[in-house]
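Below are the features I grabbed from Swiss-Prot:
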ACT_SITE  237  active site, proton acceptor
BINDING   13, 14, 15, 16, 17, 259, 304, 402  ATP binding site
BINDING   83, 236, 237, 238, 296  substrate binding site
DISULFID  68-222  disulfide bond
DISULFID  353-370  disulfide bond
DISULFID  413-417  disulfide bond
């Protein structure tokens, strides 16, 4: 029996994990084992919202060392993380400034400024990327305007997964799928767009040309002295999650559900027409030259903040209490900028309901019900937008990632969208990370080949839409999910 042992480092906005995958070639069997799980979160430092990258690096190394201590031969390592954020380095490879997080307010007003100065349509035609106030282009503009004293010291700008790969190998890389999230990559050339870079204030010399997933960046030397290849996987966690989504046919959509919810479909060509621009659709890079045509939805970030503020530890009990409440009494727009990082999420949700003359969610369960119903309705709205964009309805929706364990939200999504939902795999980003490693090791042919492995080994659950549910009646009552957006705008 031939085995491959691959390690995936998967960092999310709220937690990180080091996972060991064991692939058996003859039976095409893939098993995962968690080696080390650790917390991640936002920190306040010198007036900025930041990431503790030193703590994350220590946790990554701890996890890798644990594998080596077990005497396991590691064939390769891959790292995926969230997008848009970066670390600046000087000529000696030392950090310049702070690793500021995308939820920091330093970019306020800069997106509108860019649209006014460069033209919204021109930016979109160049990048194909949706307008989000924290995109890297606006973060760099904020840095170069607000901290010009740092500029002479900057030699390199590395996105978060590339930074950790650099820390392991000493080699720099700019991986394509994550680079596209910056809104700085030209959609036609797959290279940095000089006009957009110039507006950001960044120097093109800070960046190397983006490379597609599947190349070996360098090697990590383990404590035992072995050199282990570090592979450039699809380093944006959503790109990895999509690779592991067992999409079957052209009418399948995906929803990567976690702190963020990313809903979309795969395409061989980008969508940058006026309809896509009006809907704020993004065309992020995927594996094998595919585009991830999708839209960002605020996701379970709202719930995470409520759990934190109300000090709720028993999530299953909360979901059970939530399920007992009537649907659609409290509806908000989860994508409103007011929910990006408010001082108090509970108060912000209540204020949004008050301002739209709705009942006010007071209890823990009412707040959760508000979030779940609002997300499900927004999912339906976005799915409708995506279907209109491509001119064809979807037949099924694959929900992957940690959020797919929320059976209540899965069923609400199926009911609101009127579509069959297939939930799983939970560790989609990790699996997609492993998939690219196995392709790089010549164990698998391509993404479709890997998806067959996922389909046969992952635990998948199907949710059938119930047209008689409260949320389905709510959607039918307003006749079109497009109106939902207006109701909660």
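Don't overthink the numbers, they just go from 1 along the chain as shown.
Cβ coordinates are placed from backbone N, Cα and C, and glycine is handled just like the others.
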Whose Cβ, among the binding-site residues 83, 402, has more other Cβ atoms within 10 Å than any of the rest?
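Of the binding-site residues 83, 402, the most buried by Cβ count within 10 Å is 83.
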When neighbour density is defined as the number of other C-beta atoms within 10 angstroms of a residue's C-beta, which of the recorded positions 13, 222, 413, 417 has the lowest density?
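Comparing Cβ neighbour counts within 10 Å for the recorded positions 13, 222, 413, 417 gives 222.
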Show, in sequence order, which residues other than 83, 236, 237, 238, 296 on the same chain lie with their Cβ within 8 Å of the centre of the Cβ atoms of the substrate site.
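Checked against the 8 Å cutoff, the neighbours are 82, 178, 181, 239, 256, 260, 262, 284.
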Within 10 Å of each Cβ, count the other Cβ atoms, then let me know which of the binding-site residues 238, 304 comes out lowest.
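Relative to the other binding-site residues in 238, 304, 304 has the fewest Cβ atoms within 10 Å.
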What are the sequence-distant neighbours of residue 14 (ATP binding site), meaning same chain, six or more residues apart, C-beta distance under 8 angstroms?
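For residue 14 (ATP binding site), the qualifying residues are 39, 40, 41, 259, 304.
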Could you tell me which of these binding-site residues, 17, 236, has the fewest other Cβ atoms within 10 Å of its Cβ?
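Selected from the binding-site residues 17, 236 on minimum Cβ neighbours within 10 Å: 17.
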What's the most sparsely packed of the disulfide-bonded residues 68, 353, 370, counting other C-beta atoms within 10 A?
68
For the binding-site residues 15, 259, 296, work out the Cβ neighbour count at 10 Å and name the residue with the minimum.
15
State the Cα to Cα distance, in Å, between residue 296 (substrate binding site) and residue 17 (ATP binding site), rounded to an integer.
23
What subset of the recorded positions 16, 68, 222, 353, 413, 417 lies within 10 angstroms of the residue listed as 'active site, proton acceptor', using C-alpha positions?
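Cα within 10 Å of the residue listed as 'active site, proton acceptor': none.
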Below 8 Å Cβ to Cβ and six or more residues apart, same chain only. Which residues does that give for residue 16 (ATP binding site)?
9, 10, 37, 38, 39, 40, 56, 59, 60
When you measure from the Cβ of the residue listed as 'active site, proton acceptor', how many other Cβ atoms are you left with inside 10 Å?
31
About how far apart, in whole Å, are the alpha carbons (Cα) of residue 68 (disulfide bond) and residue 17 (ATP binding site)?
16
